[in-house]
Amino acid sequence: METRVFYKYQGAGNDFIIIDNRKKLFDRDNESLIRRLCHRRFGIGADGLMLLQHAEGYDFEMIYFNADGREGSMCGNGGRCIVAFAQDIGIIATKTDFLAADGVHHARMHDNVDWISLQMIDVQQIAQDGDAYLLDTGSPHYVRLVANLENFPVVEEGRSVRYSDTYRSNGVNVNFVEADGDGYRVRTYERGVEDETLACGTGATAVALAMAWRNGTDGAFETPIRVEGGNLMIRFEKQGRRFTNVFLEGPAEFVFKGELSW
Ligand SMILES: N[C@H](CCC[C@H](N)C(=O)O)C(=O)O
């Protein structure tokens, strides 16, 4: 019987199990265990699980798994949560450079606790699929403006896009958007969770960039994104098709610490 300490953090309602795996005692290839730990009834329950590991030349490495147990791509809300975790266990102070699936990320904590700025990768490619936008902000995203988002069938429509012939093999995260004051409201069907989540950080980032592309103006932007689980802010610079200095800002909160034996 093995016993492991695990932590739960959440960022705008996107929730994660985090394990300090610097001693590499957790088997990252054990998909069925990760799936069970993320299960909302038979396990702890989470949208994803992250391992914090050593990485030469960086404060740490973030290994991300979706709730289906499979190793995923970049997770924006998870990135903020693992930064908060790294500070809580004394690995970092108020800023960091860490390694993730899509490369190196810089992040810093703001004075008001639990609000973190996470730098995301630059984006130079935006494609279209009908009236939807396709871009990769560390994870692949499909972005479509809809009317009456409040009552939109996000799971049904999201699933049909994600399992369509175009996206079936690699999957895609599906974001439905409507204008909301000086920003946007977003609801996301997440690949690998195969359900709507309360927030998707790389998705919120993709929406902000796609809407700036659609509007056609260049410059520096601060785009508020309202999600079911709270509020995020996306800051970036746009020069034609090139998006740089992209930051995802939002909350990252400790939920609980526990022990699990299996
Ligand atoms: N489900 C995503 C990864 C997590 C993205 C989301 N939780 C975020 O905050 O960016 C995928 O497999 O592409």
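From the backbone N, Cα and C atoms, a Cβ is placed for every residue, glycine too.
TrEMBL entries are annotated by machine, without manual review.
Under the heading active site, proton donor, TrEMBL lists Cys75. Among the features that TrEMBL reports, active site, proton acceptor is placed at Cys200. Here TrEMBL flags Asn14, Asn66, Gly76, Asn77, Asn173, Glu190, Arg191, Gly201, Thr202 as substrate binding site.
Overlay of TrEMBL annotations on the structure.
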residue: Asn14; record: substrate binding site; CB count, 10 Å: 32
residue: Cys75; record: active site, proton donor; CB count, 10 Å: 29
residue: Gly76; record: substrate binding site; CB count, 10 Å: 29
residue: Asn173; record: substrate binding site; CB count, 10 Å: 26
residue: Arg191; record: substrate binding site; CB count, 10 Å: 24
residue: Cys200; record: active site, proton acceptor; CB count, 10 Å: 34
residue: Thr202; record: substrate binding site; CB count, 10 Å: 29
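Cα of Cys200 (active site, proton acceptor) to Cα of Arg191 (substrate binding site): a distance of 11 Å. Residues Asp47, Gly48, Cys75, Gly78, Ser139, Thr188, Val193, Thr197, Ala199, Cys200, Gly203 surround the recorded substrate site, their Cβ atoms falling within 8 Å of the Cβ centroid of Asn14, Asn66, Gly76, Asn77, Asn173, Glu190, Arg191, Gly201, Thr202, which are themselves excluded. A separation of roughly 6 Å, to the nearest angstrom, links the Cα atoms of Thr202 (substrate binding site) and Cys75 (active site, proton donor).
Rounded to a whole value, the Cα-Cα separation of Asn173 (substrate binding site) and Cys75 (active site, proton donor) is 11 Å.
Classification of Gly76 (substrate binding site) by DSSP places it within a helix. In the three-state DSSP scheme, Thr202 (substrate binding site) falls into the helix class.
In the three-state DSSP assignment, the secondary structure recorded for Asn14 (substrate binding site) is strand.
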